[in-house]
């Protein structure tokens, strides 16, 4: 029972951390998605980050920057639950005799956690979010809210409509969590040296999380751009993930793969820092209550 309760608390707290973080940082996610959907050929609607914010606020008010938030909020708790649950499950199987998890194994556990969250939660959630944000930019938005949007997407495209860009999402989430947990495990092991019981200050955990987040952004923004295009309302232009990558490269050049990097960097660093701080603190509390490591 205590183990089940411990797991439930870990997952719930991961979800709460994700929810708080998304509410703080969602406007940067909105701007990032808009800039990635704003293709060169159209011609571009926005001159940059500031212009995107200005146009959105002028047209829809400050609330416009939060369009699509509900789909991310509804997904944040199960996403954190699957990610940390899978990471804990795999890392418990892969630790050495002394209970240490080396960075290579941390990478593999992160990869497993990322693939699991991509298939179970992230792909349908992100598809709905991208369609929502894309819908708002059209002259006559047709989605009235989250559940209405999901109903409309499933009615017109079937369940498959919420699973667009699955390959790109699995690649993105898998590489994302692999990089983050690898960096996090490496930094933790470096700081602790030979003492596995050495405590880490929450601010230092946050700093390590921000570094892990930044590394993952530079490592996989191209996959994020491809994923966004594959899930947008004009996804039918691309035959496959590879076709999408080839067309972006051919028509827009290599720099198009790094669209939205700056707003994404800010959000991801804050996101990973907050989530890891809360996650680590919860583990400390649970270990004090149940004396389990």
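Here the Cβ of each residue, glycine as well, is placed from N, Cα and C on the backbone.
No curator has checked TrEMBL annotations; they are predicted automatically.
Features reported for this protein in TrEMBL:
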- 5-93: repeat 'Solcar' (REPEAT)
- 104-190: repeat 'Solcar' (REPEAT)
- 200-285: repeat 'Solcar' (REPEAT)
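The residues of the repeat 'Solcar' (5-93), classed with DSSP into helix (H, G, I), strand (E, B) and coil, number 75 helix, 0 strand, 14 coil. Confidence in the repeat 'Solcar' (5-93), given as mean pLDDT, stands at 80.
Sorting each residue of the repeat 'Solcar' (104-190) by its DSSP state yields 75 helix, 0 strand, 12 coil. When DSSP labels each residue, the repeat 'Solcar' (200-285) comes out as 75 helix, 0 strand, 11 coil, counted as helix, strand and coil in that order.
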